[in-house]
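K.L.:
Straight from TrEMBL, here's the annotation block:
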DOMAIN    39-216  domain 'Glutamine amidotransferase'
ACT_SITE  CYS82  active site, nucleophile
ACT_SITE  HIS200  active site
ACT_SITE  GLU202  active site
Amino acid sequence: MAPRIAIVDYRKGNLKSVERGIDAAGGDAFVACDPAAIAAADAVVLPGVGAFADAAATMQALGQTGVIRERIAAGVPFLGICLGMHLLFEEGVEGAPDEDDEASTHNARGLAVLPGVVGAMPKADAEGRAYKVPHVGWNTVEFAGAPSPLFEGVEPGEYFYFTHGFIAPSGPFVTGETTHSVTFPSAVQYGDVAFGVQFHPEKSSDAGARLLRNFVSIVKGA
């Protein structure tokens, strides 16, 4: 029996493409806005595009923040995609009153599963060479830290599709890194079954499909 996987609807992002990707990977995906439906799922996927502050406020208003934290704490498999990965962290500057100041006391609060502040991607590298921001297009992911089951069967240096202008902080939770003006975390892991990816696996061809199959396998084994 395919595991029931909730795609959290907080009014941000292309839910249908994620839903199709999970279904094709062997899961039974369904879109869920109601906290009770999220709580009843075998796993939770948090997708999304848009601003951190707006998304965090909407999730809080819909009653989703607490239940997602509870499910992660209970060891329920979780996958955050793009903005969904950012929301795993304590704070984010995107959409906050002082967007250019990571030390601001006005940053938006995330799920606080992982420590740190999601900040703006630099528009130039250390040598002053300019880079386009937002970072949009295909780029490679190099593995970092301990091997992650999410990347089982995926080669280091594989290409995935990115679209973002903000980046997560570094730490021991990082399992993948990508370089565009700076080297930034493109995959993170909390515990054994909670993951976040900066790229969009549902738009990343064979490598993305493999990653989603791995996630469904993790759900089945949880």
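If you go along the chain as it appears here, the first residue is 1 and each next one adds 1.
In case you wondered, yes, glycine gets a Cβ from its N, Cα and C as well.
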K.L.:
Quick one: Cα separation, CYS82 (active site, nucleophile) versus HIS200 (active site), in Å?
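P.N.:
Taking the Cα atoms only, CYS82 (active site, nucleophile) lies 7 Å from HIS200 (active site).
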K.L.:
Average the per-residue pLDDT over the domain 'Glutamine amidotransferase' (39-216) and send me the rounded value.
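P.N.:
Summing pLDDT over the domain 'Glutamine amidotransferase' (39-216) and dividing by its length gives 94.
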K.L.:
Does anything in the same chain, at least 6 positions from HIS200 (active site), have a Cβ under 8 Å from its Cβ, and if so what?
P.N.:
ILE81, CYS82, PHE160, TYR161, PHE162, THR163, GLY208
K.L.:
Return the count of C-beta atoms lying within 10 angstroms of the C-beta of the residue listed as 'active site, nucleophile', excluding that atom itself.
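P.N.:
Summing over all protein chains shown, the residue listed as 'active site, nucleophile' has 25 other Cβ atoms within 10 Å.
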K.L.:
Give the number of CB atoms, excluding that of GLU202 (active site) itself, located within 10 Å of its CB.
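P.N.:
Other Cβ atoms found within 10 Å: 23.
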